[in-house]
Amino acid sequence: MGGRSVNNSLCSPAIRKDTSGLRTDRHHKAVPSVGYRHRRPTNRTPSSFEHMRFKNGYTVLWCMPGLGMNVLYELLYNKPTKLMLLGPGCSVVSTFVGQAARMWNLIVLSYGSSSPALSNRERFPTFFRTHPSATLHNPTRVALFKRFNWTRIATIQETQEVFTSTIEDLEQRVKKAEIEIAVRTSFLTDPTNAVRNLKVYKEKLYGPKYVWFIIGWYPDNWWAQPDPSINCTADMLKEALQGHLTTEGLMLNPNTDRPTVSGMTAREFQKEVEKKIGGSNPLSVTGYVEAPLAYDAVWALALALNKTQTRLTSRGQSLEDFHYSNTHIRREIYSAMNSTNFEGVSGQVAFNSEGDRITWTQIEQMWNGTYVKLGIYNYNNNKLNWNNIERWQDGTYVKLGIYNYNNNKLNWNNIERWQGNKVPQDRTIIVSVLRTVNPGLFIAMCLLAALGIIGAIFLLVFNTRNQHRRYLILSQPSINSTMLVGCIVCFSCVFLQGLDGHYLSKEAFVAICQTRAWVLCVGFTLAYGSMFSKVWTIYRLTTRRKKEIKASRDWEMWLVLSIFLVIDVTVLLAWQIMDPLQRHLESFPHETPKPAEEDVEIKPQLEHCSSDHMNIWLGVTFGYKGILLLFGILLAYETRNVKVKQINDSKFVGMSIYNIVVLCIITAPVTLIIASHQDASFAFVAVAILLSGFLAMGLIFVPKILELRRNPQDGAESAALTDSTVSREEEERHQRLLRENEELKEQIAEKEEKIRDLNQRIQLKSQQKVDTAAAIKQPSPICLSKNSQNNTPTQSQISNKPTVNFALNSSTTTSSHESEPDLLSRLPNTYIAPVFQEKGLIVSSRQNHNPNSLERNRHEKCGNEIANIVTDNNSDSALQTSSTTKSSKTSAMSEETYSESYC
């Protein structure tokens, strides 16, 4: 929105002697000077001008401030004395003339100055104008912005005071209306380097996405006038200007047939002006549109002087008494001008406290090269009367409406048109669209969750009705029921996970955020905590380090579960009180809608449940749950092969824990990574919950159902036998077996240690005897063995005396499977027997032998040594046999037969 001044300036009307008229000049600005001579009437009527005669003249100023000031001084220092100044016709000259006129107590009435700066009473205390101030258009523009919901604009103006002050006033008004000025640019003469937006056609900043507001005091065909300095054709300008809006003070009374103060209607005045112009196109004559303002300015001046003369006459004074130092008459003239109020050919003529014309503002739109009136804005009542005929397709100016400054009212004709048959937007419209879970996916998961809830309820009924059966008693039915309740709670969380902005309001979504956290945490604790308490109990019953374990009670499982619940409630309460979950929107890059629209983009958004310290709370929750999962899988692994009668489904509980741990380890990090993908995140969480619940229920309860179907009466208990009695007897028996097992393990460990020590001693002595036997000249090794396989029951066995069999090998290198000579066959019993008998041994030999005396001595010596060996070995063998027998008795270890050979 902005504008530039044009080279062809408005022409000022002049007052001719004894009448009123209009003179137009296509190329000049005029500053008329007004003087008068007064004849004292014999019978004067204050309301008429029959006794007043005006002398007037005008000077062309060319909108040049210097020339204007020079003419002003000539008027002031030449007679007659001037009472008022009518003009100048442009704001630049009025700025200087208006400030200087106060020094001579002159009232200035302009008909063509629109600069908002002239409204400053400190600078221009005696200035009035029938031309509306440029700021008069700003309320109209703001009213249009509100009508079409435009909240973002850009401005461009030439750096002249009239335009700068207008933009400053507009900024203040749009700020109050909460409208944003996105860009404000200005230029001195050529806007090319400063603002490329001015080249609208070449920059393509026109069409259905752009709306231009241009000042309305240009001639209607200004865009079609040839200008060598512009390299755009008329057709290009027509295309670029298509549909732009203009605002301008109402120059002609809308009630064209109503008589005005002069007795002439607006239509009659318009015809009179056209008659004086001649046959040319009136719109081609500069100042034609502003002619009613000049005509009404003359009437305002005359009425003010007439009113002043009436007041002065009542005091014995006259306008002839005025001189440039007379402030009293100046104040009277000022008061008369300030109270002016009449209906002229330009509409209702009145001035506000700043000397500005209060008038209606009309809004026009170009259709096919012609302006069409769209509406009128009435400032007095802030009402916009719209014609509803606006459009943006052709090329003529159409009057859309009129703004009445007096009552702040906009009268709209509702005839505006828009390219694309829609109201242009003040920016690219960003439409926020929530990304929600796919309804089909949500319904499918909800159906599966509902199926899971129904299945859990069925199993809960089954568990309750059959809890008196022995097979279910030994699986802790109360804990199983708690697990089923936890599964039901987790299944219900699937419904909550899929509820989003598609189904809920913002406030309801915040409540759902809190509910999700509670339901999921409590449901997980009930389901997983029940299974954890079982494996924990199994581990305690089978631990190796406890010698005495008190009888297990059900309340211990409930204690473990209660501890988990207390931790959950504590964490969740602290979270909800200190840092509650809120609705957080995640925005994504803009997308083009389908079908594509020129000024609309989609801004995808996704709702999340988040809090200020979300990472801390997630870390606490995940850390606590992760520790439970880790311990659960470790306990399940440690007790994988253990069977405890109190919990007969321990194997299936362990398998369920494996599944839950694996699913949780996968689901937790993945859902954090894919949180921006609502469908994938929801599906992942829902599948994990459903799969964990279905597997746990199936593994724990399907075997029970099958077992009861195979043996419907198996394990049924009598009414007299209570669950507590059965559990107590089984527990006591189990504890006794555990204590005995511990004692036997310790005894076996002691015996094994003694056996290892004896084996070492036997090996040591064997080595010593081998060395002794090697010293014999005839190095035939002597072999003896315990528990000879060839012995038959003899008298020595009956008398409980060990029998020693001797075999003499002919050579130390002979293989064990070869036949060897018997050593004892070469030792006579007369020499060997006495020695062995002293040791309590019975000697048997295969054959007698009669050695010579030397051999006899050697044999006796060898016999003594062998007897000692046998005696020692028999003693060790007896101890070993005792240990082995005891071990065999306790069934803790299998019998072992030790056989050693000594050479």
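Placed from the backbone N, Cα and C atoms, the Cβ positions cover glycine too.
Of the listed segments 716-735, 736-755, 836-855, TrEMBL assigns region 'Disordered' to 716-735. If one looks beyond the transmembrane segment (483-505) by at least 6 residues along the same chain, the residues whose Cβ comes under 8 Å of a Cβ in the stretch are 434, 436-437, 439, 441-442, 445-446, 448-450, 452-453, 456-457, 459-460, 463, 512, 515-516, 519-520, 522-531, 607, 678, 682, 685-686, 689-690, 692-693, 696-697, 700. Using the rule of three or more Cβ pairs under 8 Å, pairs at least 6 apart in sequence, the transmembrane segment (682-702) is not in contact with the transmembrane segment (557-578). Taken as a whole, the domain 'G-protein coupled receptors family 3 profile' (441-724) shows an average pLDDT of 82 in this prediction.
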